[in-house]
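Undergrad: Take a look at this one; I'll ask things after.
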Amino acid sequence: MASIDPYQHIIVEHQYSHRFTVTVIKATNVTKGTFGDMLDTPDPYVELYISSAPDSRKRTKHFNNNINPVWNETFEFILDPNQDNVLEITLMDANYVMDESLGTTTFPILSVKPGEKKQVPFTFNKVTEMILEFSLEVCSSTDLRFSMALCDQEKLFRQKRKNKVINGLRKLLGPEKTQDLNSTSRDVPVIAVLGSGGGFRAMIGFSGVMKALYESGVLDCATYVAGLSGSTWYMSTLYSHPDFPTKGPKEINKELMHNVSYNPLLLLTPQKVKRYVEALWKKKSSGQPVTFTDIFAMLIGETLIKDRMNRKLSHMQEKINDGQCPLPLFTCLHVKPDVSELMFADWVEFSPYEIGMAKYGTFMPPGLFGSKFFMGTVIKKYEENPLHFFMGVWGSAFSILINRVLGVSNNSKGSTMEEEIENLKPKHILGNDSSDSDDEMQEPKGTENAKAEEEYLRNNQASWVQRMLMAILGDSAIFNTREGRAGKVHNFMLGLNLNTSYPYSPLSGLCTQQSMEEDELDAAVADPDEFEQIYEPLDVKSKKIHIVDSGLTFNLPYPLILRPQRGVDLIISFDFSARPSDSSPPFKELLLAEKWARMNKLPFPKIDPHVFDREGLKECYIFKPKNTSVEKDCPTVIHFVLANLQFRNFKAPGVPRETTEEKESADFDIFDDPETPFSTFNFQYPNVAFKQLHDLMEFNTLNNINVIKQAMVESIEYRRQHPSRCSVSLNDVESRKLHHKDSQSKFQM
């Protein structure tokens, strides 16, 4: 891999931290005073405190009845050298009821020079002497990677995957249309498959899509598969399966159908809840935040991957290291308290190789996500989070499922996505983001309309489950506040300096796609305040950050795929978002993605919503650059929507339905059915409903394979015409600043 990273340190200002090491060696003549010593021999220990350090307080073990203790214990603090760092040393006496301070002194850390090691004596109460040893070193490297470039592992994956893609294209398109493709050719297009959110509806629909793409050979031509919320649940199920890709989606989807056919109440048996609580307690006692999302994560994991709850995101590397499968990309949002996610949200991307935020160019290995950081250095490392924790975070909007099971109010059956998630939006998050306090405001609970025979079971199970969880966790706010339902992790950007930054794209001002006029960018798609604060930076002083379902801003994971470094030519997106009715226009989420792309100076084809008026509802729509010589970096988008059209009359492309049974099985609506079998918050799918949704999306995909193949051919031709497509040199990159939307130069970041 190249040793020079042209994007290094262009987002986070280059800075160093100091590692301050303290060894508490010993103390002599520890005393509680003449009268105190007559009553009791001291049980001494030492407490170290640096207010400016993130992990600020350390302590030694205590010795019983020992006036000359020898500790020889070493502690480390990561410090910002630009702050006035002072060490506070307190000699303590351990007691059964309340520990007693025997004296406090301070030490200015500035008196220790980098590279120096020295012993310093301290005197307490005129007779007690304590010896400490100090050393200071500069941390020249960090645990975070500061860059907008792809990591070396992804670059290596792309090289290996290219050979697989070439073979896939040759097999799918034929030798005539792929005769000049080779592993060194820039003609090989980068193809991405996208799946939207939408709960189990999205997961099941995407399972049918992936089966069609796998069996048709299209998946062999893709470099990336990106998902959001419900689609990530299917991707997690697929990529964590021990037999994938040897065993394809057909067999794995049968297992999925079986798993989602059960009532979620069965997950709340005493034995299972005891296991959940033990895991939550272990996490909380280790110093990690625990919220409602952690509980939901366990339930979604038990439903979908119950036989592999110990699997990690990094384990997926074995599925992609040789380029055998497309690289899976997952996402969630970082949001701020009391700010709508439509106004401000940072997209967080997850891959088996890295987790981070491209907006700031900060990334880390999956095993470090959730650890305590300061100035880019890990100060407390935890075990890598299990995959099911991420599944809960990626689909955290659906933590409302727990409220339903536990009888908490939510009368959202049959409502649109916007109505269903209104109470979960980050603009309602309560509390101080930087606080470590668990004190949270209370919300009143209500009741949910349900069948009478289910109400008794729900109420009784809910009461004891709540009592057990709250008794052990001691935190009723987990159930009763919106903040408790948002995921929360330690802020990995704590203490960093964001003075220098870039737009999401380093190609700003260089990309030649047609730009939207300013009034077009100001035009609202879903909300007058949408994206109002997307140029605002993350709060690097907050100790923790909130992370939520990306579908709360817009329901398609385009930000992952639009990173210029990935250079994607063809995007095949599948939108399972809720609509008011089956006949409603299907472009709202796509229009939001387009607006977000324009505001971040990223190439995106013009989305014309009037195509719906001209052509009506279709299974898929194509949006491409109008002039490839001008918009040479712009990808082509094939946008599939959730619609039951030709499937009603054909059981396979070109194969008509003949029997009454065949016709009746396909005669169903998605959003207009009064029974709402495909509701966003339906978490139990009978086999019949599963097969209907799965087979519908499999059919719609296969029915448009020729559309996909033609777009692939055109993408190869675009590459041949523009060999410099999506490339950028260091000389092209200009310095920019983060700014408010209403600043004078609105998009000159």
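Indices start at 1 and increase along the chain as displayed.
Cβ from N, Cα, C; glycine included.
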Undergrad: With ASP40, THR41, ASP43 listed by Swiss-Prot as Ca(2+) 1-binding, which of these, ASN29, ASN65, is given for the same site?
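TA: Between ASN29, ASN65, Swiss-Prot records just one in the Ca(2+) 1 site with ASP40, THR41, ASP43, namely ASN65.
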Undergrad: Between the candidate ranges 403-427, 428-452, where does Swiss-Prot place the region 'Disordered' annotation?
TA: 428-452
Undergrad: Return the count of C-beta atoms lying within 10 angstroms of the C-beta of ASP93 (Ca(2+) 2 binding site), excluding that atom itself.
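TA: The Cβ of ASP93 (Ca(2+) 2 binding site) has 19 Cβ neighbours within 10 Å.
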Undergrad: Please identify which of ASP40, ASP43, ASP549 has the densest Cβ environment, defined as other Cβ atoms within 10 Å, among these recorded positions.
TA: ASP549
Undergrad: Apart from ASP40, ASP43, ASP93, ALA94, ASN95, which residues in this chain have a Cβ no more than 8 Å from the mean position of the Cβ atoms of those residues at the Ca(2+) 2 site?
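TA: Result: PRO42, PRO44, HIS62, ASP99, GLU100.
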Undergrad: Compute the C-alpha separation of ASP43 (Ca(2+) 2 binding site) from SER229 (active site, nucleophile), stating it in Å without decimals.
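TA: Cα-Cα distance, ASP43 (Ca(2+) 2 binding site) to SER229 (active site, nucleophile): 54 Å.
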Undergrad: Between ASN95, SER229, which of the recorded positions has the fewest other CB atoms within 10 angstroms in the structure shown?
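TA: Each of the recorded positions ASN95, SER229 was scored by Cβ atoms within 10 Å; lowest is ASN95.
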Undergrad: At the level of the C-alpha atoms, what whole-angstrom distance separates ASP40 (Ca(2+) 2 binding site) and SER229 (active site, nucleophile)?
TA: 61
Undergrad: Within its own chain, what residues at least 6 apart in sequence put their Cβ under 8 Å from the Cβ of ALA94 (Ca(2+) 2 binding site), listed in sequence order?
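TA: Result: ASP43, PRO44, TYR45, HIS62, ASN64.
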Undergrad: Return the member of ASP93, ASN95, ASP549 nearest to SER229 (active site, nucleophile) in space, with distance defined Cα to Cα and candidates limited to these recorded positions.
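TA: Spatially nearest to SER229 (active site, nucleophile) by Cα position is ASP549.
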